[in-house]
């Protein structure tokens, strides 16, 4: 972004208005930089056109690894007791599935958490300059890029779309 | 449900985190004393040996295992509410999901202490870990006790991660409202959550998968606990009904504990508009359902003992209801199967006094269920000359008091320091209801 640019955060009381605003802004050539909200919203996700998260692949990979790890741990430890008791085989494959199952869940969850952390880029301790704290609580915030000279024009459009534009959000965003 | 604004939800939950008064610290102090009593008794047992407890031949498994199974059971309904009901889209779960998840975490922690306590020589605990002992022998995963170690450890880790992940958006709200050191602490805990849609995109997917994974896990964990018994040849234990019977019993006791915890909490924190009577009534209805399953299981055990015409099996079940521990058996039947049927009456299941009272009765009944299963079988097995009696010693009572104190101590600390009601899930609930209007 050039030094002549800034960002405005438009606050909406409900997600359907925020979604409508996102679509309108995009259609009229404005660039929506980010959207914040207190709850997930399907309407906003659709308006943003976001794709399905890839977290599931991490979960799947973790689960598959976990199953083999658990199963082979049980097999390996059984071979350390290389003594046949009551005619039962040293390697009892069926009960080992229980260990395999528990490890599947455990490592799938590890994969899930890892995927979430990596894809959402958490932890992220540096606060965003355009973030309005109400967006974590009760407002949906649409952050719009704009040229400083067009700030008033954008503000008017946003107000027309039913948004509140807090004063503090008009600062920052320069880079 | 009464319409609440997002701001009202935040304010109600944030109010629960206001600095507590003397009464709160008095109760916490009292519970801590209970924890110290338990710690002293355990310390005493470590010093003088496992004989300090009353477990001896033929009853080698006593209150330590009873309490272990009891607390694992309590833990189960937390996952039922947070994961299974989430997948089923049961909206009444939202106001109590966080508290139930927390109950799960602390109950598993409490349960996890009992294998350590029962070891006697607690420093030998590494025999249960997948590492070789001093004879270079590894643990053998053909034993159900080793299944149990894996299952409970997995359950603890998964429950903690599920609980913490679910709390991230709420921790961010508290962070934004806090100042000073508190703000710094919550900034670290919330991992810099900002509610960006990029965050929500991965979070919602991850949370759904968490629920999908926790559901089979919760069923497997108590099944594995039941196999600690069912894979033995002891009459009264060696039965295929144990896994579903234990899972239903676990959920039965856990739901009762949810009521026991929620009813005072909504009163103390004036959260009646969030934890509504409809929510409590829904828990009560589920208790009727699980109570019927448990009652059916009690009947099935007797039927199978009779139908098999196995002398030993028939003798054990006759002993359960008429022998030395008959009082425990009838407490179990009345408290778990008959008393919850009172919830069929709307007047009872919508009255705070009855809801709270019956929840306590079910908790007592479920403790006795574990007593009956464990004690009546091992005290009266195959050889009449080896039959015996059992009574817990003062040390065991002390450890039991310590375990209950520890659970409530941790829970009391939690409700005043972290959001005990999920603000995000309450907002989602309100949002869905508005959308449907």
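Using N, Cα and C of the backbone, Cβ positions are placed for all residues, glycine too.
Heads up, TrEMBL stuff is auto-annotated, nobody curated it.
Per TrEMBL, the features are as follows:
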TRANSMEM  B:23-45  transmembrane segment
TRANSMEM  B:65-88  transmembrane segment
TRANSMEM  B:100-129  transmembrane segment
TRANSMEM  B:149-174  transmembrane segment
TRANSMEM  B:206-225  transmembrane segment
TRANSMEM  B:245-265  transmembrane segment
TRANSMEM  B:286-307  transmembrane segment
TRANSMEM  B:327-345  transmembrane segment
TRANSMEM  B:352-375  transmembrane segment
TRANSMEM  B:395-414  transmembrane segment
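Counting same-chain residues at least six beyond the ends of the transmembrane segment (B:23-45), those with a Cβ under 8 angstroms from any Cβ of the stretch are 52-53, 117, 120, 394-396, 398-406, 408-409, 412-413, 416. In summary, the transmembrane segment (B:352-375) lies against the transmembrane segment (B:65-88): three or more C-beta pairs, each 6 or more positions apart in sequence, are under 8 Å. Segment contact is absent for the transmembrane segment (B:65-88) and the transmembrane segment (B:327-345), given fewer than three CB pairs below 8 angstroms at sequence separation of 6 or more. Most Cβ pairs under 8 A with the transmembrane segment (B:100-129) among the ranges B:149-174, B:206-225, B:327-345 are made by B:149-174.
Within its own chain, the transmembrane segment (B:206-225) has Cβ neighbours under 8 Å at 69, 72-73, 76, 79-80, 82-84, 86-87, 144, 147-148, 151-152, 154-155, 158-159, 161-162, 165-166, 243-244, 246-247, 250, counting only residues six or more beyond its boundaries.
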